[in-house]
Amino acid sequence: MRAEPALLELKLDYRFNDPELLRRALTHSSLANENRPGAGVGSPLNDNEQLEFLGDSVLGFLIAEALVRRFPEYHEGDLSRLKAHLVSAAHLHGVARRLDLGSYLELGRSEEMSGGRTKKTLLVDGLEAIMAAIYLDGGVDAARAFVATHVLDAPFFGDEEAGTDIQPAITNFKSALQELAQTRRLPQPRYSVVRERGPEHSKTFTVEVRVGKEWTAQAEGRTKKIAAQRAARGLYERLMGDPIVPLPDDSPGDSPDDSGDAAESGVISAT
């Protein structure tokens, strides 16, 4: 039994001028294919597939626009990585679940019986269809407001199928910490070498990372780069509130040959 679409409008913070657009955005093709009355059999215009197609492009454009406006100092690579997370199925699935979108979908009997209301693909497709419906109903400003509230400023959603709300296979914690700070609109991480000890051929470095005035972590490593990664991992875990598998000395990108050039690794040597 699906919930009333009017209740979903309250969660979306948007009231449709044309309620038919919302109904169409919530209608899965399985309903039309089962030849139900009023389902618009044989007419692709009565399910959400075309809206999902449009919504995917609307979302990509609005996310890219918002990131360029919010972060004018970021390079293309930084923007691309952040955009990739925000438009990922994992993140959109989390957004859809927060809205309890599955309760509002119109499904055919086969999808209903197979647990379609909780299927990741159906929820993501439905969310993208809703974005398109809002765009068609209220214009780009309405769609922009929805994306800002429900996608850009949403909590950090990762790969829940791996049993956690964070990405389970992080190999570059500096990048992960930077993206997390961006997502939560926190200051960018700042790194500094606070201590060096040991002989020249076998030094140990202590690096501190700070995010604003409140968040900080320190870690040691046999290179500045390894120490920075470990410090980033420590602060990332604190911000996410979840432990992660320890980072080995020779993780990708952290070999001794990369002996930790401060400028390349983002570490600022202490004076």
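Just so you know, glycine gets a Cβ as well, placed from its N, Cα and C.
As written in Swiss-Prot, here are the features:
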type	residues	note
BINDING	E52, D125, E128	Mg(2+) binding site
COMPBIAS	251-261	compositional bias 'Acidic residues'
DOMAIN	5-139	domain 'RNase III'
DOMAIN	172-241	domain 'DRBM'
REGION	241-271	region 'Disordered'
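Those residues of the chain, other than E52, D125, E128, with a C-beta within 8 angstroms of the mean position of the Mg(2+) site C-beta atoms are N48, E49, L51, F53, G55, D56, V124, G126, L127, A129, A132. Counting every protein chain shown, 25 other Cβ atoms lie within 10 Å of the Cβ of E128 (Mg(2+) binding site). When the neighbouring Cβ atoms lying within 10 Å are counted for each of the binding-site residues (E52, D125), the highest count belongs to D125. Across the domain 'RNase III' (5-139), the DSSP tally of helix, strand and coil residues reads 98 helix, 2 strand, 35 coil.
For the domain 'DRBM' (172-241), the DSSP counts in helix, strand and coil order read 31 helix, 23 strand, 16 coil.
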